[in-house]
Every structure is written in C-alpha cells, then in structure tokens.
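Here is the structure we will look at.
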Amino acid sequence: MLRQFELARSVQLRPYNAISFSGPIAVFVSLFLIYPLGQSGWFFSPSFGVAAIFRFILFFQGFHNWTLNPFHMMGVARVLGAALLCAIHGATVENTLFEDGDGANTFRAFNPTQAEETYSMVTVNRFWSQIFGVAFSNKRWLHFFMLFVPVTGLWMSAIGVVGLALNLRAYDFVSQEIRAAKDPEFEVFVRGWQLRISLMKILYSLRRFYHVETLFNGTFVLAGRDQETTGFAWWAGNARLINLSDAAKGGGGAIRKKEATHRMAEANRALAHFR
C-alpha cells in the first residue's frame with residue numbers, strides 16, 4: 001500500500017488505489033492481530049486454510065453472535081452490493097458499445113488512441129432511468145461510488161471485529177428478542193437459533209480447552225490426540241503439557257477433569273434438542 005502511495009505521488013496520480021487496498025489490509029490486521037491480542041492469546045487467531053477459516057467462522061458466531069452485529073451487516077451489504085455494482089457496470093458498458101470498426105466486435109473495435117467514447121453514456125442513462133427512476137449522469141461520481149461501497153464495507157467489518165476483540169456487544173440488534181416476546185411462532189425460530197449458537201459455543205470451547213474431538217454415537221467423546229482448531233499447533237501442545245502438569249500435581253487435574261465432564265454433559269443436553 002505504501003509503495004502505491006509512493007508511485008502515485010511520483011507520477012502525479014490520486015492515491016485512491018492505495019486507499020482501496022487499505023480495506024483488505026484492515027480486515028487482515030483486525031482478524032489476525034487485534035482480535036487475538038484483545039482476547040489475550042494468539043490461540044484465538046484464525047488458522048490458514050479453507051477448513052480452518054470455516055471453523056473460525058463457526059467459532060466466531062458461537063461466541064460473539066456475529067450475525068447480529070451491525071458492523072457485520074454493513075460489511076455484508078456493501079461487499080455484496082459492490083459485486084452487484086461491478087456486474088451491472090460491466091454488463092451495461094458491454095450492452096451499449098458503439099457499432100463501429102471491425103464488424104462492431106466487442107474487443108477488436110476498440111483503439112486505445114481513439115478520441116471518442118467507446119460506449120453510449122446517454123443510452124446508459126436513459127436505460128437505468130427507466131429501470132430505477134434514477135441514474136448516474138456523472139461518470140466520475142459513478143466510479144467513486146464503486147470504490148466507496150466495497151472499501152467502506154471492509155472497513156466496517158474490521159471495526160466490528162475490533163469491537164468484538166474487546167467484547168463490546170452493547171450495539172447488537174435485539175429486535176429478534178422483542179418480536180419473539182410477542183409472536184409465539186417466531187419465538188420457536190429464535191430459540192432454535194439460540195440453541196444452535198449455544199451448541200457451537202460449547203463444541204468449540206470443548207475442543208479448544210479439553211481436546212474433545214467430535215460426535216460419536218450421539219455423544220461427545222474425548223479425543224485420543226491433540227486437535228488444534230483455531231490456534232497454532234504449538235499452543236495445543238503447550239496446553240497438553242499444562243494439563244499433564246496439573247494432573248501430576250493432583251488437585252488441579254481432578255478439578256479440570258470434573259469441569260470437562262460437566263461441560264460434556266451440558267453439550268449433550270444441548271444436542272438432545274436436535275435429535
């Protein structure tokens with residue numbers, strides 16, 4: 001990003017390219033640096049890989065109810081909205097190309113040195129005015145809007161992750177709870193969703209702290225080996241050494257085993273709702 005700032009300044013360009021790259025950089029820093037620091041351990045940082053990222057998403061939803069976070073909502077709306085804007089823009093330009101040159105071919109009819117436009121902005125404006133009732137008449141504003149929407153969406157997501165790193169939940173939407181208190185049918189839906197979140201939370205807390213592996217015949221069972229879920233491999237090994245040292249001391253191991261048994265019983269009770 002800094003390199004782009006430097007090059008833009010040297011050739012007298014505006015710095016919007018570098019600004020656009022700040023979006024994914026902010027998301028990366030918030031997830032891989034600020035969130036684990038806020039949660040007091042690198043163990044809470046997501047691992048690399050498709051499966052690891054999906055496990056982290058489930059963990060994030062279970063412990064923070066991320067889908068009710070307004071910053072998550074703004075991020076999803078703007079990132080997906082930017083994809084829609086990109087598709088609309090590309091299709092519109094291709095649909096309104098001037099029929100000139102080599103048989104009006106989409107690719108070969110364009111000359112990089114031509115002075116005139118390659119598509120009809122007037123036709124574009126008339127078309128979208130009929131569809132939406134309003135259209136962009138200024139190309140500069142249109143392209144700035146296509147930059148503004150996805151970048152601010154990524155910024156909002158990063159801000160939301162920073163808030164959850166500090167366990168800030170006061171701004172979450174509670175409209176589901178309000179409606180559930182008045183609508184019995186909707187309450188069934190809300191309670192089912194809350195049970196699923198509780199199950200995710202219990203499952204990942206067990207796997208993280210007590211090396212509980214997965215379901216076996218409808219019940220949670222202890223793993224025979226260490227399985228790191230959202231952290232680094234060395235942390236799982238370190239946690240195993242801590243458990244062994246507590247067991248060697250006597251009391252700590254007994255308390256830890258009793259607490260793990262209690263958590264597994266709680267997980268099995270939650271799982272019973274889905275059978």
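Glycine is no exception: its Cβ is also placed from the backbone N, Cα and C atoms.
Positions annotated as transmembrane segment by TrEMBL: 16-37, 43-63, 75-93, 141-166. The domain 'Small ribosomal subunit protein uS7' annotation in TrEMBL covers 244-269.
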Recorded stretch, among 43-63, 75-93, 141-166, maximising Cβ pairs under 8 Å relative to the transmembrane segment (16-37): 141-166
Stretch-averaged pLDDT - the domain 'Small ribosomal subunit protein uS7' (244-269): 49
